[in-house]
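Feature annotations, courtesy of TrEMBL:
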ACT_SITE  E299  active site, nucleophile
BINDING   F117, A118, I119, Y122, D207, V208, D209  UDP-N-acetyl-alpha-D-galactosamine binding site
BINDING   D207, D209  Mn(2+) binding site
Amino acid sequence: MIFSVKFLCYLDVLHDIWIYCRYVFSGTSSKVSDTTSSNTQDFHNIKQPSNHILEDLLQIELPRMIYTKPQILKPPRCDVLMMTPWFAPIVWEGTYNSEILNEQFQQRNDTVGLTVFAIKKYVVFLKTFLETAETYFMVGHRVNYYIFTDRPEEVPKVALKEGRNVVVLQVQNYPRWQEISMRRMEMLSYFSQQRFINEVSYLVCVDVDMKFNDQVGVEILSDLFGTLHPGFYTAERRSFTYERRPASQAYVPSDEGDFYYMGSIFGGTVMEVYKLTKKCHEAIMVDKANGIEAIWQEESHLNKYFLYHKPTKILSPEYMWDDYLGRPEILKKRRFLAVPKNHAAIRNK
C-alpha cells in the first residue's frame with residue numbers, strides 16, 4: 001500500500017477545497033442567514049486553490065488493494081464450524097485473506113512475542129523450533145523469541161531475518177516436569193508485567209517440542225485466543241478431560257464447557273495474557289496449598305479460564321496437530337506439529 005508524499009502535503013488544501021465546493025454548489029448564497037454570515041465571511045477569506053495544485057491533487061497515488069470480492073451468499077467453508085455462539089471466529093484455511101491482514105498489520109508497526117520454555121533436556125528441540133519459526137512464523141513481521149531456559153549456554157545460534165531477535169531468559173528448573181509445566185504461568189505473568197508490555201504488542205505462548213510446518217501469521221492474533229485440542233475438536237462435552245473434582249480451582253461442572261483447548265498454544269495482547277496467566281497461577285497456588293493438582297496441570301486451569309473469559313478468536317487444530325491422529329479431510333493445513341519423542345526420556349533428565 002503506497003501513499004504519495006504529496007498526499008500528506010495537501011491535506012490542508014483539501015480541507016479548503018471542500019469548504020469552497022460546499023459554498024459554490026449549495027446555491028444558497030443569496031439566502032444566507034445572519035447565523036451563517038460569519039461562515040460566509042470565512043469563505044471569502046479562503047485562498048482559492050490554484051490550477052497547478054488541483055492538477056497535482058488529481059495525480060495523487062491512492063492506496064490500492066486488489067482481491068476477490070467477498071461473497072455474501074457463499075461461505076468459504078461449509079464443512080467446519082467457523083463462528084462460536086459469542087461471535088468469535090474459528091480460524092481455518094480458506095476463511096481469511098492473508099494479504100489483507102498483512103497489509104493492515106504492517107500499518108500498525110507492531111512486534112509479536114513468541115514465548116517458549118526449554119527446560120532441562122527440552123533444549124534439544126530449540127534448533128528445529130527456531131529454524132522452522134523463521135521459515136513460517138509471522139513472515140515479514142517483527143518478532144521477539146523469548147526463550148525461558150535453565151541452560152542458556154545451550155541455546156543454539158540460528159540465522160534470523162531483519163527485525164527478529166532471540167531473547168534468553170534464565171529460569172530455574174524443578175525436579176518434577178508437572179511442576180515445571182505449572183510454573184510456566186507464573187513466569188509468563190511476571191515477565192508480561194515487567195518486560196513484555198514494553199517490548200511487544202502480542203504474545204504467542206507455545207510448547208518447544210513442536211515445529212512449524214506451514215504459515216502461521218497475523219490471522220491468529222486477537223485480544224485473547226485459544227486453540228482447539230486436536231483430540232477433542234469433534235467430541236461431545238462429556239468426553240472433555242476437564243478437571244472434575246470440585247476441590248480444585250480448575251473444576252468445571254459436567255454440564256458446562258464450550259470446547260476443550262490445548263495448552264500448547266494460546267495468546268493475545270500482553271495485557272490479556274497477563275490477566276490469564278496471573279489468574280491461572282493464583283489458582284494453581286491455591287490448589288497446591290490444598291494438596292491437589294489439576295489433572296492436566298496448567299492446561300486444566302487454562303480451560304477453566306476460557307470457560308468464563310471467552311476467547312475473542314479460536315484457532316482450529318491446523319495450529320496444533322499430531323500426525324499420529326492421521327490427516328482428516330477437513331484438515332487442509334498442518335501448520336504447527338508435535339515432534340515425535342520419548343516423553344519419559346526427555347522429562348526425567
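A Cβ is built for glycine as well, from the same backbone N, Cα and C atoms used for every other residue.
If you take the C-beta of D207 (UDP-N-acetyl-alpha-D-galactosamine binding site) and look for same-chain residues 6 or more apart in sequence within under 8 angstroms, you find V116, F117, G263, S264, I265. Spacing of A118 (UDP-N-acetyl-alpha-D-galactosamine binding site) relative to E299 (active site, nucleophile) is 18 Å (Cα to Cα, whole number). Each of V116, V123, F125, L126 belongs to the same chain as F117, A118, I119, Y122, D207, V208, D209, is absent from that list, and has a C-beta within 8 angstroms of the C-beta centroid marking the UDP-N-acetyl-alpha-D-galactosamine site.
Least packed by the Cβ count within 10 Å, out of the recorded positions D209, E299, is D209. Straight-line distance linking the Cα atoms of Y122 (UDP-N-acetyl-alpha-D-galactosamine binding site) and E299 (active site, nucleophile), rounded to a whole number, equals 19 Å. Within the same chain, residues at least six positions away from I119 (UDP-N-acetyl-alpha-D-galactosamine binding site) with a Cβ under 8 Å of its Cβ are F148, T149, D150, V171, N173, I180. When the alpha carbons of E299 (active site, nucleophile) and D209 (UDP-N-acetyl-alpha-D-galactosamine binding site) are compared, the span between them is 16 angstrom.
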